[in-house]
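Undergrad: Following this message is one structure expressed as structure tokens.
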Amino acid sequence: MSTTIQANDPDILTDFITPNSSAVDASFFTFSGLSGFYNPDPKNFTVIKATMNEFPALDGQSVSYAVLQFPPAGVNPPHTHPRAAELLVVLLGTLEVGFVDTTNMLYNQTLQEGDMFVFPKGLVHFQYNRNHNQSAIAISSFGSANAGLLSVPKSVFTTGIDENVLAMSFKTDVPTIQKIELGLKG
């Protein structure tokens, strides 16, 4: 006997979900959180999200959005979205992107302005602005109102997993693990 389990945003039985069954108008379906997002000189990698947490009208609609701003040589570290695929389009600059599938095969590509790339749901992926002189901007859409985010470095090295387990898993020593942990806490 085999069992298949799938998880998606729930199908809703109404046109849309309103908080506390309150009356809504067009402003409920409007999100202004991305206005003025453009920063020509970001100092750090920055994400501006429009998920159901920031934009409640997305609840039940199986869609969300994020603007990703990369400084020169900026990186969005390896991470996964457990509840949705991600479709990324580069608006400014170039990005090296990639994901690893369940057979440990790396699929990576250098994207130019206007290029799109899909990251399958739940797979570890990254984005990197290899250009050391120019920032980059991309927009990601997700097939969920709450795609979730699991940062690989933080989930492995800052959640209290025993350092001996990590040292054995990465075939290194505890002082090396402690050095990585210290670097991620800053």
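Think of each number as a place in line: the chain as shown, counted from 1.
Keep in mind that glycine also has a Cβ here, set from the backbone N, Cα and C atoms.
Copying in the features that TrEMBL gives for the protein in this structure:
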- 35-178: domain 'Cupin type-1' (DOMAIN)
- ASN76, HIS81, GLU86: oxalate binding site (BINDING)
- HIS79, HIS81, GLU86, HIS125: Mn(2+) binding site (BINDING)
Undergrad: Give, as a single whole number between 0 and 100, the mean pLDDT over the domain 'Cupin type-1' (35-178).
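TA: Averaging the confidence scores along the domain 'Cupin type-1' (35-178) gives 95.
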Undergrad: Would you mind checking how many other C-beta atoms are within 10 angstroms of the C-beta on HIS125 (Mn(2+) binding site)?
TA: 23
Undergrad: Other residues with Cβ within 8 Å of the Cβ centroid of HIS79, HIS81, GLU86, HIS125 at the Mn(2+) site?
TA: THR80, PHE99, PHE119, LEU123, VAL124, ALA147, LEU149
Undergrad: Which residues, in sequence order, are found in the same chain with Cβ within 8 Å of the centroid defined by the Cβ atoms of ASN76, HIS81, GLU86 at the oxalate site, excluding those residues themselves?
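TA: So the additional residues around the site are ALA66, HIS79, THR80, LEU88, PHE119, HIS125, GLN127, SER140, PHE142, ALA147, LEU149.
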Undergrad: Just jot down the residues in the same chain as HIS81 (oxalate binding site), at least 6 apart in sequence, with C-beta under 8 A of its C-beta; none if empty.
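TA: Listed in sequence order, they are PHE119, LYS121, GLY122, PHE142, SER144, ALA147, GLY148, LEU149, LEU150.
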Undergrad: Where does HIS81 (oxalate binding site) sit in DSSP terms: helix, strand, or coil?
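TA: Assignment for HIS81 (oxalate binding site) reads coil.
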Undergrad: Pop the Cα-Cα gap between HIS125 (Mn(2+) binding site) and ASN76 (oxalate binding site) into the table, whole Å please.
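TA: Pair distance, Cα basis, whole Å: 9 Å.
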Undergrad: Which whole-number value in Å describes the distance between the Cα atoms of HIS125 (Mn(2+) binding site) and GLU86 (oxalate binding site)?
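TA: About 10 Å separates the two Cα atoms.
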Undergrad: Return the count of C-beta atoms lying within 10 angstroms of the C-beta of GLU86 (oxalate binding site), excluding that atom itself.
TA: 24
Undergrad: Distance between GLU86 (oxalate binding site) and HIS79 (Mn(2+) binding site) at the Cα atoms, whole Å?
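TA: It is 12 Å, counting Cα to Cα.
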